[in-house]
Amino acid sequence: MTQRSVSISHQGPTYDVCVVGQELTLDIYRDVPAGAEYFEVLGTPPIDVMLICPPDPAQKPQKGVKLPLSQRIGIVISCRRVSGALNDTKVRVSYYGKKGNSLGSVRLYLTCVRVSLDVDVKRSRAVTRGVKDKGSWSWGSYGTGAILLVNCDRDRAAPNGTDSEDMGAPNAADITDMSPMVLTAEGPKGIFEGHQLILSISPSHATKMRVYCKRKSDYLLVLGGTNISHEVERGNNQEVKFCVEGLEFPDVDFSGLVHINLSFQRSSDLTELFADKVTFRLTPWIMTPNTQKPLEVYVCSVQGNKKFLKELKELVQKAKCKLNICPEVENRGDRWIQDEMEFGYIEAPHKRFPVVLDSPRDRELDFLPFKKILGPDFGYVKRKVEQEEEVNDLDSFGNLEVSPPVAVRGKNYPLGRILIGSQLPQDIEPFSSEPNPIQPRRMNKVVRDFLAAQLVQSPVELYSDWLMVGHIDEFMTFVPACDKKGFRLLLASPRMCLDLFREKQKEGYGEAIMFEGLKTEPFTIEKILSNEKLLRDSTYTQGCIDLNREILKEELGLSEEDITDIPVLYKLLPYFNKAEAFYPNMVNLLVLGQFLGIPKPFGPKIDGKCCLEQKVCSLLEPLGLDCTFIDDFGPYHQNAGDVHCGTNVIRKPFSDKWWNCLP
C-alpha cells in the first residue's frame, strides 16, 4: 500500500478521501495559528490516529493531552471500514498557546472507500482479498504471488497460430486458460464521480500479457498490444472482473514477471490518491522424465517398419497407453519423431495442459507439432533460429532429456534437471588426436537460453559431440526402479560389452555369431575381439562416456549404486572420426513405466539365447522392469537411430508444483 501526505489549514476545513488499509500522514505544521506551541489531535471512528515520535513506539493520542509542536511529532491516520456517507468521518486538530489557551481547531473531513486490485496471490484457485504483498512474487511452499498460464494452445477458430497470437475475442474455453483479477471500488454514493480508476502496464509488458474486462455477454480487451493504460468504467458496480492472459514464456530477455498497476486519481487535477499493484509470473515449460507415467506414444509409419510397428503396438498395449501413428503420407518418410519435438506441460493453480516444444530441426516432420498436435488444451512453443544454416544435429531433441527428481549438494530439484548434449568442455583435453573435419557442435543458443530461463529444471550440458548424430540418448537414459531411489541411470558401456565377449570366449563360444540371419556382415566374438580398430574405438568411446559419468554424478548427486552399465559397442566412422553404435543400441530404449522396449541387439547366441539380451535382463529385471526386445535393425538402426529415436511419449505431469521449488 502507498502512503501520501495530507495538509490541513486553520483557514478552514479540508476534505479528502482515505482508502481502507491506506495510511496517510497528516501535516499539521504547514499552516499553524500564530503563537501556537501545543496541539491535540483526535479522530472519530472508524478513523485510527497514531503518533510517531522515534525512538518511542507509535501510540494513540490521549484526549486532553496537549503535545508540543516543537517535537515535530508525526501523525498517521487510517480508516478501518467504508464510509456510509460523504465526509462522515473527521480528524480534529486543536492548537494551544504557551499557557494552554485555545487558538482554535482545524477539521479534516474524510470519506473512506475501499479500492483494491486483487488476484490469486495464495495460489488457491481463488482471488485472494486483503493481502498486502500482492505486488511481489516469491518461490517456495510458503511463497506468494499470482501465476499466468501462457495461452499457447488453440481454443479459438484461428487457423494460423496459438491463442496467444490471435487478437480476436476469447471464447469460453479460452477464458479458462486465463487468470482472474478483481477491481474493488466501494464507497458511498457519488464519491467516485469526481475520481477515476486507471489500470496500466509498462510498454515492455504489453507483448507479454493481455487484460480483458468482463461484460454482460463478452470480454473487452483493455490492456495489451498498443493499450498500456485504461480508465475503468465502473458503473454502479462495487466490483469489476477481469481475465489476464499470458502470452510469452520466460526467456533470456524476460524474467517471466509482469505487473499491473492501479491508480486511484482525483479527476480535477489527476492527483494520485492511492496506488495498488499486482504481480504475475508466467508459467515455465516443464519436461517430464521417464519415471513419470506414460500416457500416449507417438511413432511414424514408414517403408519397411511394419514389423517394428506390430511389436511396438504389443508393448504399448501391455503398458496400457494410447498409440498414435503418423502415416507416411504425413511424415513424408521422416521416422525420427523423437528429434522433431519434446513433450512437456505448463501449470497454474487453476489449470494445466501439455505443451509440445518444436525443435529447430525443420525436416519432413516439421508440420507435425503445429498442425497435428496443437489444439484445445494442447499448447505449442518453438524457438526460431535466425539462420537455417545455424541448425545442427545437436538441435534435435534426441539431444534433450530430463532427469528424475534429484538432490545435489543439499539443493533439491523436485522436477529433475534438463540434460543436453554439447561439445567437449574447454578445460578438457581431446580424447583423440585424430583430425576431425566437423567443427565442434553445440545446441543452438536460442534453445539453450529458453531452457535455462524456465528456472525450475536447471540444465546440465553433457558431452555428446563425439557421436556422429550427437545425441545424449545414444549413451544414456533413465528407467524407474522399485526401490527407495526410484530410478537408475543407464549408461552405455563398451567396456562391459568387451568383458562379456571375453568371458564367453573363455567359455568356448568364440565362434558365436552376431547379426545371425540379418542381411549384413556377420561377426564372431573372435573377430570382434581381434579387431584392433574396434578395440581402439571402444577405448576412445568409453573415455567419452566416463567423462559424462562424472558430470552426471556431480550434477545430479548420483553415486555408483545409482548407475547401471549396459553393454554397447561403438565404431568410429572413417573421415568423420565420430561414433555410432556397432549393433542396435540397447540404451536407446523406450520406457513405458515398468515396460521397456529395447532395441534387439542380435548378439551372439549361447545355447540358443542372445548373451547380450540375457545380460541386460539380468541387470534390469531385479529393478522390477519388464524387458521386450524390438527388432529395429532395418528401418532404424541401419539409418543411424534406434527405438527411442523413432518414438515419443506424452507423460503425466508431476504432482509437485513448480512454484513450490526454490530455483
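Note that Cβ sites are derived from N, Cα and C of the backbone, with glycine treated the same way.
If you look up TrEMBL, you'll see D339, H471, D473, C645 marked as active site. The domain 'Protein-arginine deiminase (PAD) N-terminal' feature in TrEMBL is assigned to 2-111. The domain 'Protein-arginine deiminase (PAD) central' annotation in TrEMBL covers 113-264. Annotated domain 'Protein-arginine deiminase C-terminal' per TrEMBL: 273-660, in sequence order.
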- Query: Looking only at DSSP and grouping its letters into three states, which state does D339 (active site) belong to?
  - Reply: helix
- Item | Rounded inter-Cα distance in Å - C645 (active site), D339 (active site) | 7
- Query: Could you state the CA-to-CA distance between H471 (active site) and D339 (active site) to the nearest Å?
  - Reply: 9
- Note on the structure: Within the same chain, the residues at least 6 apart in sequence whose Cβ is under 8 angstroms from that of D473 (active site) are Q338, G398, N399, E401, V587, N588, H644, C645
- Sort out the sequence-distant neighbours of D339 (active site) for me: same chain, 6+ apart, CB within less than 8 Å of its CB, listed by position. S359, R361, S396, F397, G398, H471, C645
- Along the domain 'Protein-arginine deiminase (PAD) N-terminal' (2-111), what average pLDDT does this model show? 93
- Query: So how many other Cβ atoms are close to H471 (active site), meaning within 10 Å of its Cβ?
  - Reply: 27
- Cβ neighbour count (10 Å, all chains) around C645 (active site) is 27
- Query: Looking only at the domain 'Protein-arginine deiminase (PAD) N-terminal' (2-111), what are its DSSP counts of helix, strand and coil residues?
  - Reply: 3 helix, 57 strand, 50 coil
